[in-house]
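Peer 1: Pulled these from TrEMBL:
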DOMAIN    B:117-279  domain 'NarG-like'
TRANSMEM  B:31-49  transmembrane segment
TRANSMEM  B:125-145  transmembrane segment
TRANSMEM  B:165-187  transmembrane segment
TRANSMEM  B:207-225  transmembrane segment
TRANSMEM  B:245-269  transmembrane segment
Amino acid sequence: MAKLPTPQQLIADRPAFPDKHWLNVKSEFTPGSFCYPAKKDTMELLHMPNPHEWDPAAEDWGLPENWERILCDAFADRLEKHRSLKLFMDICVRCGACADKCHFFLGTNDPKNMPVLRAELLRSLYRRDHTMLGKLLGKTVGARAWDKSVVKELFYYAYQCTECRRCSLFCPYGIDTAEITMIVRELLHEVGLGTHWIMDPVKNCSFTGNHLGIKPHSFVEIVEMLADDCEIVTGIRPKTPFNQKNAEILFITPSGDVFADPGIYTFMGYLLLFHELDLNYTLSTYASEGGNFGSFTSFNMAKKLNAKMYAEAERLNVKWILGGECGHMWRVLNQYMDTYNGPTPVNMVKPVSPITGTEFTNAVSTKMVHVAEFTADLIYNNKLNLDPCRNDHIITTFHDSCNPSRGMGLLDEPRYVLKAVCNNFVEMPENTIREQTFCCGAGSGLNTEEIMELRMRAGMPRGNALRYVQQNHDVNHMACICAIDRATLPPLANYWAPGVTVSGLHELVANALVMKGEGKRTLDLRQEDLPNVEPDEAADTGEEQ
Amino acid sequence: MFPSLLLVLLIGVAAWAGTVAGGAVLFGVVLPYAAFAVFFAGMVWRMFYWAKSPVPFCIPTTGGQERSLPFIKQNAVDCPSSTGGVVVRMMLEVLLFRSLFRNTQAEVCSSRAGGVRSTYYSSKWLWVFALVFHYCFLLIFIRHFRFFVEPVPACVTFAESLDGIMQIGAPRLFLTGGCILVALCFLLGRRLFNERLRYISLFNDYFPLWLLIGIVGTGICLRYFDKCEIALVKIFVMGLTQFSPAPAAGINTLFFVHITLVSTLLLYFPFSKLTHMVGVFFSPTRNMPNNSRMARHINPWNPPKQYFTYAEYEDTYRDAMAEAGLPLDKQPDKAAE
Amino acid sequence: MDAKTLIDTNKDEILRQWIEAVYSLYPLETTGFVRTSSDPFGNPVGDMTKQAAAAIYNAITGEDTAVDTVKAALDRFVKLRAAQRANPSQGLGVFYLMKPILRKLLLPQLAKDDLETYLGVESRLDSLTLLAFDMYASARETLADLRITEIRNQHAQLTRWAQKHGVISTSQAR
């Protein structure tokens, strides 16, 4: 008769000692551990190589006949194109300083999520084909051959890295796993392996200008609905200029903020702020997506999507571009845009704030300014009438998004703005903020719901730090400057620190902004009561919930 | 771990046996020449190999506040926007291992006041021992110039006096010998006893450590225990440097083991992770300024622009856009023509 | 030695052994790290486990049995188990890893004259596990909810727009 297993037997899910070297451990594709694959017709439409239907959980991924040749050649090609790749393949000493810096490692305890090993997956292939010792000694020096299970492993771990660069900060040689992940993803796309959550928005952004594929006229209507909501809250209906030629400024922000809760409130914040300033600006339906989904795919795709910004700036004859709050968008804008698609069109000039006259000298070449820089300058020059008491029911902390922190250095501008619009601000622990910030756990195209548990594990270090300030400093709100954060932090907070709300920076700005001719504010942008304002005799917004 | 130890021992034994069997010229003359040649050629080739690939994008890892508005203080070292800043950042990285130093850890403790307080300290063991190892190595390297140059330069004598500052014993005890051995043992011990590191360590990690321990060990033996005739060694080495090898008679066998291990290190160097010595200077996340919005960085293989243009876009959605009252480049009636 | 002193003197050792037992469920290569680092933010898993260990022990020995404080102390740990890739039995089985340790360290000395107290400890461990079961189940429900809420939030504004235009009915949206 079979015995009931003891609790020890039930939970012991690993052998006492790993009987296999990591090179020989294969990845298991169980539901919840992988993102859904991209559709064949999406890949075809985008002219991606080797499009095919496949299933990550299946044994056979339907790789093209000569997959090994394709991958070897593509890898050799990338080595010729990127000095960083050659260098990062050669000089890692495996000191282990990066190992516990990765939020995926901390949350999953999977050894291959240590940045050093994630890179080693590719490095082992590099050794075989591109180093003398690897050619001579093979496995002894950690070299291995391409194999279908190796391709699966690369896919598994390239989509368990959010390209946050935290490891790169601690590496004595600056080895950047984001760079390696980006290139591994590029290689995988060469044999037709991509994920739906990334490729579908890529397709939509490419052909309609926003990530959901909403057609221009509907997009405009949706934005106008947000302007209507602004009117309910403030009594002022901000203008929504679209595709206006000869405006001074073109404003581009992630389209997620037009569709997704709570990003929409940040978008309303922009509309109100620009209206109050009477800014001569325009939105564009053609270049309405700032966030660059292409950057999760390949350098070329990122370039392709990014090209629309300067093209539209040229067509509309604007002087400079203002960019909204977004993480990956700003990594691309700060480090890639000018290289990809510069030099800027001739009609563009050095950005100058029309309100304060401040020259943004740090953006003289790209001519693109971050909205946090823009607003910080307004506040410094006393151009905004702010009533931070309206946000007094909020004790806020600030989540630094990975890309603006470690790919740009935008740290103090948003804090400057936040402190001006909120009286209660508390920092999270020192080794979880600023350049050492922990990722939300779902950046770089991983914020899809099929891997929710994985995201909760990966976001755990962030959630843990948030919970700490919630319990010790009564924090009930977290501000951020990234559209992906606004999508991924609410579930993270609901799981690890329930009771903390998440919003973009400019939602709080607009809540505190005293506008000329506005009605008495009793509601915030979410149309929730402002507790620190006594409701007046006239409950003018009674209809709304 | 064991194969690499075995290999180092094997090399040592071979050198010993070979020398005893009369192969001093092979191990003391031919091998060092070959090793030097391979080392220099190999390093030049390696740097050329790296330099051949372009740096397509400006990708510094920013470790602090960027240069932006006048009232916001830039962290000019960790987020440099100028060449000067990059030089300082690089110096701190190379001379003080700044990134390793960043390894902060937090500890939460209940304070007497009743609340909870966090303290931060830097987890610095790796940093300390890495620093000790590299600086000792440098000092030992400089000290050895006593054998290569005549007259002995003042800086070498100074380095020696610094190293022997404790003034213990005769021959005077050099601190670096002991320190480097301790540091090497720490670096090796980490790999052996820290499970995380043992898992990621390869033959390529153990081998250089054993090799260095071998070199330092034989060096220490030659100085303090199996003392060799310094004058003879100097004549022999000077002979090498002046391409007129002197006879090896009268020099300890252990000396040839030492020389052989050093030659092995030189041979191995350009083909291994040890190239991080020069590689760190090539690292684009550290050696570039964060000025990509101020100055355009050029990508030599920048592919041509290909994208869904506005004209195509308007062609696709013209009627709907017109209906929504959006400004158009071509009105529907015109476009139809 | 009376039961109370016995429980107090063995506390550290029991906690240590239980924490070790939990760590040993993680891949061997990573246990060294959870074991050595005491940084609550750098090593959250270790921190959560330690906090849970103390809470469990205090609860089963009757030190602190207020449901709210016990729940608060176990919250992070149970949520972690619920988000990690394991069967529910594996997720919560960790609580029962306490039993063999208790039987080894406490039972022999309590068996003679105070078996009652020992049995009380084990019973409270059972209750605690049931409490954790509730928390585990609710964490799983939260996860499922998060998926739904996220899908809804991603298109929140689009849905409102579609309602306004009568493309979908109001009931469909909520």
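Numbers here mean position along the shown chain, with the first residue as 1.
Heads up, the Cβ atoms here are built off N, Cα and C, so glycines get one too.
Can you tell me where each of these features sits in this structure?
Peer 2: Looking only at the domain 'NarG-like' (B:117-279), the predicted model's pLDDT averages out at 85.
Among residues of the same chain six or more beyond the transmembrane segment (B:165-187), those with a C-beta under 8 A of the stretch's C-beta atoms are 125, 129-130, 132-133, 136-137, 139-140, 143, 209, 212-213, 216-217, 219-220, 223-224, 227.
Same-chain neighbours of the transmembrane segment (B:245-269): 8, 11-12, 14-16, 18-20, 24-25, 27-29, 31-32, 34-36, 38-39, 42-43, 207-208, 211-212, 214-215, 218-219, 221-222, 226, 228-229, 232-233, 235-236, 238-239, 275, counting only residues six or more beyond its ends whose CB sits under 8 Å from a CB of the stretch.
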Peer 1: Grab the same-chain neighbours of the transmembrane segment (B:125-145) for me: Cβ-Cβ under 8 Å, and only residues 6 or more beyond its ends, written as numbers and ranges.
Peer 2: 96-97, 100-101, 103, 152-153, 155-156, 159-160, 162-163, 174, 176-177, 179-180, 182-184, 186-187, 190, 216, 219
